[in-house]
Amino acid sequence: MTEQIITAQTVSLDVDAGADPAAVITTLADALAAAGRTTDPADLARAALEREAKSATGLPGGIAIPHARTASVTSASLAMARLSRKVDFGAPDGPADLVFLIAAPEGGAAAHMKLLSSLARSLVRPDFVAALREAETDDRVIELVTEAIDPDAKQEATPPAAPATATPADAETPAGKPAEGRPRVLAITACPTGIAHTYMAADALKYAAERAGVDFAVETQGSSATTPFDPDVIASADAVIFATDIGVKGKGRFHGKPVIASGVKRAINEPDTMIAEAVAAAQNPEAPRVTDDGGTDAAASGSSSGLGLAGRTRQALMTGVSYMIPFVAAGGLLIALGFLLAGYEIANSTLDAGGSLNDAAFIALNNSLWDLPSGGLLQYLGAVSFAIGSGVMGLAVPVLAGYISFAIADRPGIAPGFVAGIVSLAVGASFIGALIGGLIAGAACLWISRLPVPQWARGLMPVVVIPLFGSLIVGGLLYLVLGKPLAWLTEQMNSGLESMSGGSAVVLGIVLGLMMCFDLGGPVNKTAYLFATAGIADAATAGPAQFQIMAAVMCAGMVPPLALALATVLRPGLFTEPERENGKAAWLLGASFISEGAIPFAAADPFRVIPSMMAGGALSGALIMAFGVELRAPHGGIFVFFAMNNWVLFLVALLAGTVLSAVVVIAAKQFGRTREMAAADLEVVAA
């Protein structure tokens, strides 16, 4: 390595770098800039904070490893701070006093990634962490870190594992030859960036396996070059652990092996538990196993890692909804933009003599920038935006069904799932048909994948046999049996919504408001959102009732972040310092209709926060329905005011719900107020 990865300029000992992760990360990014390792410290800090928002980087033992890859980094580098005031980075055992900012250039070399990963692995060694805490000079820290990331020094301490060149030793027994009577467990670890958590999870599991007397080998699917397990090693394994936040590469290699699956952070926080679960699964014939198509059979609900039928169904539905939401959001906003530019009449069908095209599609197909319609440039651009948005929204139902099926049967289930969505649209079953059809498609594909077939036919199963027969089964069922009943149910639901008025509409608004605030982005919240977006999916046929439901759902979903932001301003002493910082960000999150902005507050104090938010959400939903406010965009918060028929009344309903929730949560927290909270309150006021 021609350049030191850490220097005296990037080491800070016993410093107060601020009260929250953002301040600490900014301080470390500035240190890297001073050392000439990044051209834009603000960009580096932003990238690290974005990674932090996806998954907290706090680790057990008072350690945090924020990290990022960005073009502003000139060479792979490390900044370290030993904090005099600990900062909460989301670790399960409390705040951190040792913080490392790992900065990698966009497309950084594999050698640099290996060095960075070596440091991450060293941080699970108690002796290394203790030495960092006892170091009295910057030079001592540099010496310790350099030894940790030097390949020769590392190999001297722990000889490398046979199956994976990017990880340390896994056992004394040669790979593929487990010791007599000792179980053999394999693991795959992977995180989105592949820099730190991947390798820390690998080593945490390795040390846990050593303590338990288990033969162990790990394949790290990270940024460094990875050597896949030898087939003989896999054949000798008794169980496998998948500790990943992304898809496992080559999962089908482990067909039939008992499996314990989790996110990568669990392997770092609970490695001994996961090793014990894997050993137990190896001895349990009912344990979940990796299936032939690369999925996992979690039918054994009694297993510690398996889910019951209801849990797997909910998981599949949420997977479909999560993939569908970007299509709904993008398509809906484009439709709203079309309304803004060309007016609501652009959804009518007055120009096409045959009546098969709405005005937007007719103008987009028959006019151009050089041949503008009678309404001029704005009408043309609005028509194009509306036409694109309608096309994107038209994909929402097939995507929903496709990824529900994918969640059940993995990749072979995608095509039959899309078929279920397309047929649902054709028969008029819409989103209800997609939900039912996606589940049927996934179940059919999973069943087909488990049928015994000759060895020569296995290669055809995932690419030909499963998609073909899965599509035939789900398409045939929808056309021949389920299509008309589901279409009738959809029609009755739409008719019922159209006839709602007065008290019944207000009750619906209350129910939707409660659902939106119950779990803040969870299954109940997503169910309410799906119900609303399903109604406005076809902007040309949606009526006032559907648009009112969309307005109620969005308004109620904006309440929790805004209410908590307001509460942190009115009574800051009732909240911790990190919560007060989160409150500042919650203003924008709430205004943008991102309910998840309230999750940090709810996670810390669910019994006070969630009921308080539900009260405000119910009020906002009821007022929206009572006022008759309509919204033609599925996302965007206050920034899509132009898609509302009365944005003033929308703001009135939003303000009412926000104030109510803020008052209730303050009262709830005040009721359980401690002496320490009171002292903090006085300190904040005095400041």
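Counting begins at 1 with the first residue displayed.
For all residues, glycine too, the Cβ spot is worked out from N, Cα and C.
Unlike curated entries, TrEMBL annotations are predicted automatically.
TrEMBL lists 156-175, 296-308 with the feature compositional bias 'Low complexity'. TrEMBL lists 4-148 with the feature domain 'PTS EIIA type-2'. The domain 'PTS EIIB type-2' feature in TrEMBL is assigned to 183-280. Here TrEMBL flags 313-678 as domain 'PTS EIIC type-2'. The region 'Disordered' feature in TrEMBL is assigned to 150-181, 285-308. Taken from TrEMBL, the feature transmembrane segment applies to 323-344, 380-406, 418-448, 460-482, 502-521, 549-570, 609-627, 647-668.
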If I take every residue in the domain 'PTS EIIA type-2' (4-148) and average their pLDDT values, what number comes out? 82
Given pairs 6 or more apart, does the transmembrane segment (647-668) have at least three Cβ pairs under 8 Å with the transmembrane segment (418-448)? no
Helix, strand and coil residue totals from DSSP for the domain 'PTS EIIA type-2' (4-148) stand at 64 helix, 36 strand, 45 coil
Counts of helix, strand and coil residues, the domain 'PTS EIIB type-2' (183-280), according to DSSP: 42 helix, 24 strand, 32 coil
Per the Cβ filter (under 8 Å) with a sequence gap of at least 6 from its ends, the transmembrane segment (323-344) is approached by 360, 375, 378-379, 381-396, 399-400, 402-403, 529-530, 533, 536-537, 539, 632-636, 640, 642-643
By Cβ distance under 8 Å, which residues at least 6 away from the ends of the transmembrane segment (609-627) in the same chain are close to it? 505-506, 508-514, 516-520, 548, 551-553, 555-560, 563-564, 598, 601-602, 646, 649-650, 652-654, 656-662, 664-665, 668
